Protein chains: 2
Amino acid sequence: MSKLTDLPKRIIIGRALHSDRLGETLLPKRIALPVFASDPLSSVAYAPGEVLLVLSVAGVSAYNFSPWIAVAVVVLMFTVVASYRQNVHAYPSGGGDYEVANTNLGPKAGLTVASALLVDYVLTVAVSISSGIENLGSAVPFIIEHKTICAIAVILLLTLMNLRGVKESGKLFAIPTYVFVGGVFLMIAWGAFRGLVLGDSMRAPTADYTINAEHKGLAGFALVFLLLRAFSSGCAALTGVEAISNGVPAFRKPKSRNAATTLALMGGLAVTMFCGIIALAMVTHVRMAEDPAVHLLKNGSPVGDGYTQNPVISQVAEAVFGSGSFLFVVLAAATALVLFLAANTAYNGFPLLGSILAQDRYLPRQLHTRGDRLAFSNGIVLLAAAAAVLVYLYGADSTKLIQLYIVGVFVSFTLSQTGMVRHWNRHLRTETDPAARRRMVRSRAINTFGAFFTGLVLVVVLLTKFTHGAWVALLGMVVFYVTMTAIRRHYDSVAEEIAVADDAGDDVVRPSRLHSIVLVSKVHKPTLRALAYAKLMRSDNLEALSISVDPEETKTLREEWERRGIDVPLKILDSPYREITRPVIDYVKSLRKESPRDAVSVFIPEYVVGHWYEHLLHNQSALRLKGRLLFTPGVMVTSVPWQLDSSEAARRRARKRAEWNAPGSVRRGPVPQQRREKAAAKD
Amino acid sequence: MSKLTDLPKRIIIGRALHSDRLGETLLPKRIALPVFASDPLSSVAYAPGEVLLVLSVAGVSAYNFSPWIAVAVVVLMFTVVASYRQNVHAYPSGGGDYEVANTNLGPKAGLTVASALLVDYVLTVAVSISSGIENLGSAVPFIIEHKTICAIAVILLLTLMNLRGVKESGKLFAIPTYVFVGGVFLMIAWGAFRGLVLGDSMRAPTADYTINAEHKGLAGFALVFLLLRAFSSGCAALTGVEAISNGVPAFRKPKSRNAATTLALMGGLAVTMFCGIIALAMVTHVRMAEDPAVHLLKNGSPVGDGYTQNPVISQVAEAVFGSGSFLFVVLAAATALVLFLAANTAYNGFPLLGSILAQDRYLPRQLHTRGDRLAFSNGIVLLAAAAAVLVYLYGADSTKLIQLYIVGVFVSFTLSQTGMVRHWNRHLRTETDPAARRRMVRSRAINTFGAFFTGLVLVVVLLTKFTHGAWVALLGMVVFYVTMTAIRRHYDSVAEEIAVADDAGDDVVRPSRLHSIVLVSKVHKPTLRALAYAKLMRSDNLEALSISVDPEETKTLREEWERRGIDVPLKILDSPYREITRPVIDYVKSLRKESPRDAVSVFIPEYVVGHWYEHLLHNQSALRLKGRLLFTPGVMVTSVPWQLDSSEAARRRARKRAEWNAPGSVRRGPVPQQRREKAAAKD
């Protein structure tokens with residue numbers, strides 16, 4: 001693996017940053033925008049299409065509602081951006097939605113948000129990669145023919161990259177994101193120029209198709225429901241907006257202001273692109289249907305199963321730039337790349353959130369350690385596996401996957417905004433400065449509106465999408481919630497168990513004497529070293545212990561022992577059944593029984609090896625013995641290592657690992673102070 | 001799992017034997033026969049059918065050769081039995097084929113035999129279970145319709161039973177084996193009575209079918225080749241004969257004589273049943289074809305894909321006892337059960353051979369420990385997985401699987417017999433007593449003939465079966481051979497590396513002073529215990545070390561430390577990146593650099609937990625730190641355990657495990673002395 005990904009990585013992102021240099025990598029706005037906004041910006045690649053898809057159920061005439069839906073999405077986007085600008089100012093330490101909900105609404109709300117976000121990260125990977133594959137497929141038909149396998153291959157690639165520790169680099173994100181944004185804007189501008197100035201009639205490849213409406217002449221409640229569903233789908237454009245509020249510490253100073261500005265910029269770009277694409281789709285007569293094989297007609301007959309429905313952005317690009325033109329291909333590639341980068345943000349966000357949850361003891365503690373490769377690996381593999389399963393089950397169909405999406409996003413939006421309202425209420429109770437109070441009242445009003453609006457959208461999403469797949473997302477949330485609650489309960493009970501009473505020092509019985517045992521099988525260097533070390537640790541009683549599984553070997557050992565004049569008494573225990581563990585345990589127990597106030601110290605010579613398969617060949621009995629010994633009260637076990645030559649390789653690997661940077665370290669910002677006030681406040 | 005298999009197990013085999021009682025379980029002949037002979041005896045359930053199948057290629061007329069083939073098999077069986085009777089007398093310690101070849105022909109021959117036997121065990125499981133399922137299927141059609149899945153289910157069941165430690169119990173083996181042998185003899189007798197005395201014309205269910213010969217009028221070399229192929233298939237009846245020679249120590253005294261008698265008994269029973277079934281098959285006009293769908297005709301047209309070809313033993317039973325009769329069903333059930341027991345012998349033989357190979361350092365050492373559950377588990381899972389893969393790949397078709405079988409058996413037969421010839425040669429060189437010399441010369445003659453005959457069969461099997469599947473078995477042998485050679489090479493190089501020069505005591509540098517460090521995160525009971533123990537181990541320098549990942553927590557720790565007046569200096573290292581491992585390693589290294597002749601002892605408080613999932617929640621940083629520390633020269637690591645309440649469950653499990661008996665312990669016999677002379681002779 002090392003050789004496999006190293007060279008491309010070096011080429012793409014340059015020499016890996018040593019974490020001591022992390023302090024230098026504060027992000028200017030122009031880099032922060034692509035780092036944090038690739039997710040929300042990339043969603044304009046699929047969100048407009050989803051709106052048209054849903055509307056198509058009521059026939060082409062329903063497409064006329066799409067500008068209204070776009071308006072609703074724009075209003076929602078402005079609301080959310082405005083709300084999160086308040087978050088950014090109120091929590092300059094990078095309090096994400098989890099933090100905000102946890103602090104202001106209590107741990108249950110916090111955990112709900114966390115569960116929602118975890119599910120969301122999985123879906124970000126699944127949806128973004130599926131959509132990226134579809135966009136790439138509009139230029140390269142081979143890919144669309146092997147959609148699922150290609151999507152899973154991309155997941156695998158991202159996973160390997162992240163496991164290796166290719167971390168977010170500003171520049172890596174900047175180029176494709178800017179190419180994408182630039183390309184979309186150029187497309188909108190060129191489309192407007194051709195349409196308005198040149199008067200060209202641009203036609204999408206599906207312009208001549210007709211749609212066989214599933215429900216003709218929909219009206220009243222049914223129509224409203226359909227429009228709400230279309231709106232829900234359009235809301236996919238809002239996913240990822242909260243990312244900036246997590247990443248404030250990564251910004252250059254003034255952090256909050258810069259973050260807020262970037263947030264506004266991102267919102268502005270996203271809605272412009274969203275509306276532009278919807279408008280171009282209308283002008284170029286893009287035709288999309290939910291089930292194209294049946295409902296999309298070409299010359300009056302259904303297009304059938306062989307038909308591939310290209311994403312709206314690629315159809316529009318084809319109409320504006322011309323089929324197969326250079327710009328069309330560049331835009332398709334940039335779209336796919338931005339979508340893959342959006343998926344990559346989940347690879348960074350997942351362990352980051354995990355680390356925060358671990359600090360609050362909802363997840364295993366070690367996830368909290370920054371740069372702990374193993375902890376991150378577990379998170380990354382879990383994320384990738386869940387996303388791959390979803391991609392496989394839904395055939396890498398972004399339209400189907402989007403049905404599960406958004407629920408989580410709006411759960412966290414709503415709870416976060418509600419939490420912000422509480423936040424301001426609390427601060428208003430003590431704040432006396434009129435100017436500050438005015439600002440707070442204004443912020444509270446914005447957050448209240450945000451909470452109300454996003455809550456409303458959440459209800460709409462749940463109502464319109466529940467049977468379409470939102471239940472899967474809810475189920476996922478419940479699973480995460482229950483697991484994390486159980487972990488927290490476990491930690492709490494252990495903490496209680498091991499707490500030392502404030503007054504007592506007697507909780508821990510102090511042993512009076514120490515009996516040391518060195519386990520010996522043969523006279524070789526590891527044994528001699530263990531003996532030397534055991535002698536150094538002066539104890540009241542020192543003896544060497546060997547288990548006789550073979551009389552011949554035992555005889556040899558005894559002779560060697562005498563010949564070399566080793567000055568530690570050698571005790572030999574018989575083991576007619578060739579067992580090692582039980583005689584040792586029994587002997588230790590008998591020592592403890594004789595003098596219960598003594599402690600026993602067992603020295604085990606251990607081989608340190610360099611490769612995982614060597615572990616299978618060595619130390620197995622030592623490890624098992626150690627495992628059993630630890631269950632015996634009053635015993636401690638000392639490993640005296642002997643480094644085999646092959647261990648040099650492992651040492652090198654370990655050193656390399658130590659220099660590794662965890663994914664997401666750029667967006668986390670260099671200062672781990674961020675959550676300290678919080679932790680202190682709660683303790 | 002515990003609850004799942006415990007009750008049926010208790011019911012079937014009674015209370016588990018404690019290994020102290022192993023000494024009582026020496027086997028009388030009447031129990032030893034079923035224990036060791038279920039494999040060779042059960043093979044008469046498929047071997048006769050395989051002969052007919054191969055012959056059918058040349059049409060029904062070729063069936064007339066089957067008595068001649070039976071005669072050849074009988075001669076071979078007598079040769080092999082006679083040869084192994086010599087082994088039993090020469091190696092009363094239970095020297096299996098591996099031992100014999102290793103001692104007399106050198107390690108390469110020994111390893112070849114070992115590889116062959118390992119492959120053979122896998123095939124014993126695959127073939128026996130597939131055949132058992134086919135026999136069961138002749139009574140219960142549902143099973144034959146879901147052949148592969150049923151076979152894999154049986155493998156799974158046997159695996160679980162063996163993992164749990166249901167060991168071979170004489171009685172468990174005796175009943176079905178005797179029912180099977182009794183049933184077959186009853187069938188032969190009743191068939192003879194009906195045919196010869198009553199003059200009934202018994203007709204097998206396929207008696208009216210005709211065979212469309214693949215090659216009509218085969219003659220000359222082609223015919224000879226076909227007959228040799230049929231003979232090779234018939235040789236399946238010889239698999240498992242060597243089992244008794246491994247198990248001599250398990251017999252009652254006089255061990256060798258009893259074992260030799262049992263061997264002869266087994267050979268007699270097997271050939272009688274083999275010939276009886278072939279004869280009945282001829283009389284009842286059983287018709288079998290290699291590819292029945294095409295080559296078996298009913299009223300002149302092929303029977304087609306839907307046809308299930310029942311095993312010859314069940315067809316004969318149907319003809320003799322009547323279709324669906326009580327005895328028919330009992331025999332089918334007993335046949336299946338005996339075949340499953342035969343598969344179970346491989347579950348016992350595989351770890352047994354593994355243990356011997358481990359003693360010779362061809363496999364990981366710990367496999368040598370008797371009653372080491374984990375070691376056996378690995379072997380059992382490996383065996384089951386390999387067998388399941390074969391069953392899956394070959395659709396649980398015993399006919400196809402048999403093509404891979406036998407190669408291994410005859411490789412080990414041939415090498416073992418050749419080894420015996422060398423054995424006698426060596427002894428003849430020194431033996432002077434004329435009576436003994438006469439016996440030896442006679443034995444040598446028998447073994448020479450055995451070696452020659454089995455070697456010939458091996459060549460025949462290789463020639464006639466290579467393209468039919470024997471190459472798979474050979475490939476498997478090569479894989480085992482190469483792996484074991486590599487393991488041995490590794491162990492040898494390590495042994496050389498750690499050997500102490502005879503004259504020098506300076507190989508191991510003796511440190512002069514000891515610096516002890518207790519790792520501390522909070523003041524709780526585990527920490528206090530670790531401190532108390534560290535103080536007990538008097539060192540030149542003792543300090544507590546804490547890594548500051550959070551200033552608040554560190555402050556609390558420092559205050560607690562002072563408040564409680566703990567008399568060990570507390571050193572706090574900063575870790576701005578929330579890492580634990582690196583600061584500790586760096587600190588230890590700096591200590592070593594300051595005074596290179598000092599040793600460093602690191603005390604780590606560890607939680608002892610009761611469930612595997614709790615491991616994920618605790619000790620992770622401790623374990624990782626320990627792993628890294630062991631790579632640093634001059635360091636030893638002491639785990640000071642704190643038993644959490646939940647660890648009680650694990651202790652109970654561990655105790656239960658300690659009372660567990662390894663599969664195969666009955667056939668190994670109670671005395672582990674068996675191989676000692678050998679080991680001593682070689683060292």
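Glycine is no exception: its Cβ is also placed from the backbone N, Cα and C atoms.
Keep in mind that TrEMBL annotations are predicted by a computer and have not been checked by a curator.
Features as listed in TrEMBL:
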- A:674-683: compositional bias 'Basic and acidic residues' (COMPBIAS)
- A:653-683: region 'Disordered' (REGION)
- A:65-84: transmembrane segment (TRANSMEM)
- A:111-133: transmembrane segment (TRANSMEM)
- A:139-160: transmembrane segment (TRANSMEM)
- A:172-193: transmembrane segment (TRANSMEM)
- A:218-241: transmembrane segment (TRANSMEM)
- A:262-283: transmembrane segment (TRANSMEM)
- A:326-353: transmembrane segment (TRANSMEM)
- A:374-395: transmembrane segment (TRANSMEM)
- A:401-424: transmembrane segment (TRANSMEM)
- A:445-463: transmembrane segment (TRANSMEM)
- A:469-487: transmembrane segment (TRANSMEM)
Leading stretch by Cβ pairs under 8 Å, where the reference is the transmembrane segment (A:111-133) and the options are A:65-84, A:326-353, A:469-487: A:326-353
Contact set, same chain, for the transmembrane segment (A:469-487): CB under 8 Å, 6 or more residues outside the stretch: 111-112, 114-116, 118-119, 122-123, 357, 361-364, 400-401, 403-408, 411, 461-462
Cβ-Cβ under 8 Å with the transmembrane segment (A:65-84): same-chain residues at least 6 beyond its ends: 47-48, 51-52, 55, 227, 230-231, 234-235, 237-238, 241-242, 244-245, 263-264, 266-267, 270-271, 274-275, 278-279, 281-282, 413, 417, 420, 446-447, 449-451, 453-454, 457
Leading stretch by Cβ pairs under 8 Å, where the reference is the transmembrane segment (A:139-160) and the options are A:326-353, A:374-395, A:445-463: A:374-395
Same-chain residue ranges lying at least 6 outside the transmembrane segment (A:374-395) that approach it to Cβ under 8 Å: 121-123, 125-126, 129-130, 147-148, 151-152, 155-156, 158-159, 162-163, 343, 346-347, 350-351, 354-355, 358, 364, 366-368, 401, 404, 662-663
